[in-house]
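One structure below.
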Amino acid sequence: MPTINFLLYAFLSYILWKKRCKVVLFISLLWSFSALMGIYYYSSDSYRGGLYDITLGPFVFLFVGFVILLIPLIKQKKEIHHVIYKKRIYIDIISWIIVLICIEPFCELLYLFYDLITSGRIMLLGASYDDVSNDNAEALVQLSVLGKSLAVYSRNFKIITPVLFFYYLQQEKTNAFLLIGLLCVSISPSLNNLTIGNRTELIWFLLYFSTLYLLLKNTIHPSKTKYFKVILITIFSVFLTFFIAITLGRYLIGYGEDSASSFLIQYTAESMYNFNTNAFHEPTPLYGHQAFNYFIDKANGTASTLGDFRDYLNVHMRSPSWIFYSIIGDFYIDFGLIGALLFIVVVSLIYRNTLSGTSINLEVLLLFSIYLYAVANGLFYCCYMMSWAPAIYCFLFYLLLKLLKING
């Protein structure tokens, strides 16, 4: 079964490679790599198993759902060369406001990480993760009251700011401070997440940023290509260092029996197997409590903590609530087999013609980025599960730009 699962994704990746669909190929290769690692994972001591043995049906369902979800990207025929918004003055004003609001927590985080590195405590971030996440200890580094308040906005703008960063990269003349500010604000949520030894935001940012780059690389002005490559190498090098340090801290300093390499294989491969042996066999859908609990909370006037969320899932699911099932698996848990497929079809229909030409309006790109962010990170779980606020902010920004265009 693991080999058949891998061959499905490998065949899809081969077709996409032949069609030169770079963006969707990148995402398909991620899933192919996960399926490949799954062959080793299934036969290793790290394999966690589940309620049932693996069967072919759940793998086929995941694959079909994955292909349907990718249709808006598969339909792209031409490379994007221009991101258009005629009233640039509005974008300048809004971008400066975002940077001025969100730059303060980034500066705090930069200083705090400098202190961690120079004091030799960086490895302790990973070792303290379990205690911090279970509220048994405080984070090694903490933002000020002001920094914590503003960091919320950095997180909620995390889909928007990378798009604005690439928008300005296509301009021949751009304020360097604004460009750097947008980049700093974009990586701020990842740094903030790293303060508790958690790498999730870091992985999400890198995958989203990489996908955006593949989508928009032809829009980058030639004068900025060299600087962008330097920035790209620097970001990936620094974040890779943090990732390795935290991973070693968690798995080589007495945390967990598995080695760091076994953990990375499990982290990469497990979502497909967790879904196959657990979630696929759930008898009753949760009707939104898995991926859309944020909206249920808002409708009920409640504010569930992570503990509340998991307690609810533990009562209403037989499957473990703390492991990955992939974004498609989360939709399955919420809506069942037919409901999940219908939901994915609707999403694909909404975005199916977004990438139809060599240019794209900025507001349309922002709306598309809600989908792109979820798909780029969909291997693990629905990235909006705990908060749809970033997607809502992005949608409101889309509406604002549409309104300014109409009235401008």
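Just so it is clear, glycine is given a Cβ too, placed from its N, Cα and C backbone atoms.
These features come from TrEMBL:
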type     : residues : note
TRANSMEM : 23-42    : transmembrane segment
TRANSMEM : 54-73    : transmembrane segment
TRANSMEM : 93-114   : transmembrane segment
TRANSMEM : 176-196  : transmembrane segment
TRANSMEM : 202-220  : transmembrane segment
TRANSMEM : 227-253  : transmembrane segment
TRANSMEM : 322-350  : transmembrane segment
TRANSMEM : 362-381  : transmembrane segment
TRANSMEM : 387-404  : transmembrane segment
Feature contact check the transmembrane segment (23-42) with the transmembrane segment (54-73), CB under 8 Å, 3 or more pairs: yes
Close approaches to the transmembrane segment (202-220) from elsewhere in its chain (Cβ under 8 angstroms; 6 or more beyond its ends): 22-23, 26-27, 30, 79-83, 158-159, 162-163, 166, 169-170, 186-187, 189-190, 193-194, 228, 232, 235-236, 239, 242-243, 355, 369, 372-373, 375-377, 380, 383
Positions on the same chain near the transmembrane segment (23-42), where near means CB under 8 A and six or more residues out: 2-3, 5-6, 8-10, 12-13, 16-17, 54, 66, 70, 73-74, 76, 207, 210-211, 214-215, 265-266, 268-273, 375-376, 378-379
